[in-house]
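I have placed the structure first, in the form of structure tokens, so that the comments after it can refer back to it.
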Amino acid sequence: MSSSRPVFRSRWLPYLLVAPQLIITVIFFIWPAGEALWYSLQSVDPFGFSSQFVGLDNFVTLFHDSYYLDSFWTTIKFSTFVTVSGLLVSLFFAALVEYIVRGSRFYQTLMLLPYAVAPAVAAVLWIFLFNPGRGLITHFLAEFGYDWNHAQNSGQAMFLVVFASVWKQISYNFLFFYAALQSIPRSLIEAAAIDGAGPIRRFFKIALPLIAPVSFFLLVVNLVYAFFDTFPVIDAATSGGPVQATTTLIYKIYREGFTGLDLASSAAQSMVLMFLVIVLTVVQFRYVESKVRYQ
């Protein structure tokens with residue numbers, strides 16, 4: 001089947017049509033990235049009135065800073081927990097829809113509710129439930145002799161921000177997994193059932209391979225979400241504490257730039273984070289995507 005390219009009467013019309021998107025991209029993406037790169041090579045006074053070119057000194061200082069290296073590894077752990085937990089839990093709930101006969105519509109609606117909640121509100125909600133003195137969940141844990149105080153325990157603080165972040169993202173993942181599972185031809189599932197395959201075997205041998213492209217897409221989306229969009233959760237829940245136990249790269253950039261007024265260090269950190277995300281995305285699309293294609 002042959003396809004024909006669109007023909008425009010004016011040679012400038014195609015450029016005019018893409019101009020709005022190009023302008024938005026330049027103003028809100030390329031320009032800020034260029035300024036961040038420029039400031040990362042400067043030594044800037046706290047008020048931004050004067051600067052001096054220092055080359056790569058900011059990056060050298062950065063990787064000799066133990067607090068920055070700690071936030072680097074904290075980001076890796078946090079992103080891994082949020083991405084893996086979010087995908088597994090969402091896939092589990094999406095697979096349960098097939099086995100819920102009564103109230104399936106109510107179940108689906110209930111699963112979509114977290115997506116309507118702002119990230120900061122989601123964090124505050126779980127702070128109330130995990131409040132060391134009056135929280136409902138902490139009271140329940142105390143009945144079993146478990147003392148909860150995320151303001152003093154770094155492990156509990158990490159669990160809280162991961163839990164709140166996963167809960168906020170679960171609706172998005174659930175929606176895509178549910179749509180992918182529903183798109184699988186029922187004839188394949190029925191044929192496997194006739195051959196004697198149980199529900200678990202049918203899921204791992206048929207459903208899971210067929211939804212691999214959607215899983216890969218959600219892997220990339222959740223990784224970006226964990227790197228950037230969880231900032232409101234961390235800020236509202238722990239403010240990066242205790243003792244910087246939940247300070248991720250994006251939160252340290254905010255703290256250095258807006259609280260510490262160190263624009264050069266903040267810009268250098270943002271460049272490192274951008275480079276890290278680009279590398280991870282390229283690796284995923286280059287090596288992981290090739291393993292999820294199917295005929």
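The backbone N, Cα and C atoms fix where each Cβ goes, and this holds for glycine too.
As the structure is a computational prediction, the values presented were derived from the model and not from experiment.
Per Swiss-Prot, the feature topological domain 'Cytoplasmic' maps to 1-11 (among others); the stated evidence is sequence analysis.
According to Swiss-Prot, the transmembrane segment annotation covers 12-32 (among others).
Marked as topological domain 'Periplasmic' by Swiss-Prot: 33-80 (among others).
Summarising the annotation, Swiss-Prot assigns domain 'ABC transmembrane type-1' to 76-284 and lists sequence analysis as the type of evidence.
If you look up Swiss-Prot, you'll see 81-101 (among others) marked as transmembrane segment, on the strength of sequence analysis.
Panel annotation: around the topological domain 'Cytoplasmic' (102-109), residues 96, 178 of the same chain, lying at least six beyond its termini, place a Cβ under 8 Å from a Cβ of the stretch. According to Swiss-Prot, the feature topological domain 'Cytoplasmic' maps to 102-109 (among others).
Among the features that Swiss-Prot reports, transmembrane segment is placed at 110-130 (among others), with the record citing sequence analysis. Using a Cβ-Cβ cut-off under 8 Å and counting only residues 6 or more beyond its ends in the same chain, the transmembrane segment (110-130) has close neighbours at 93, 136-138, 148, 150, 160-161, 163-165, 167-172, 174-175, 229-237.
Nonlocal intrachain contacts for the topological domain 'Periplasmic' (131-156), taken as residues 6+ away from its ends with a CB within less than 8 angstroms of a stretch CB, comprise 237-238, 241-243, 245-246. Marked as topological domain 'Periplasmic' by Swiss-Prot on the basis of sequence analysis: 131-156 (among others).
Under the heading transmembrane segment, Swiss-Prot lists 157-177 (among others), citing sequence analysis as support.
The topological domain 'Cytoplasmic' annotation in Swiss-Prot covers 178-207 (among others) and is backed by sequence analysis. Mean pLDDT, taken over the topological domain 'Cytoplasmic' (178-207), works out to 85 on the 0 to 100 scale.
Swiss-Prot lists 208-228 (among others) with the feature transmembrane segment.
With a cut-off of 8 Å between Cβ atoms, the residues of this chain six or more beyond the topological domain 'Periplasmic' (229-262) that come close are 46-47, 67-68, 70-72, 74-75, 78-79, 82, 118-120, 122-124, 126-127, 150-155, 157-158, 160-161, 164-165, 168, 269-270, 272-273, 276. Here Swiss-Prot flags 229-262 (among others) as topological domain 'Periplasmic', drawing on sequence analysis.
If you look up Swiss-Prot, you'll see 263-283 (among others) marked as transmembrane segment.
Positions annotated as topological domain 'Cytoplasmic' by Swiss-Prot: 284-295 (among others).
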Request  = Using a Cβ cut-off of under 8 Å, list the residues of the same chain at least 6 residues beyond the topological domain 'Cytoplasmic' (178-207) that approach it.
outcome  = 94-95, 97-99, 108, 214
Query = Between the stretches 81-101, 208-228, 263-283, which wins on the count of C-beta pairs under 8 angstroms to the transmembrane segment (157-177)?
reply = 81-101
Note = Using DSSP three-state counts, the residues of the topological domain 'Periplasmic' (229-262) come to 19 helix, 0 strand, 15 coil
Key: DSSP-derived helix, strand and coil totals, residue by residue, for the topological domain 'Cytoplasmic' (102-109)   = 6 helix, 0 strand, 2 coil
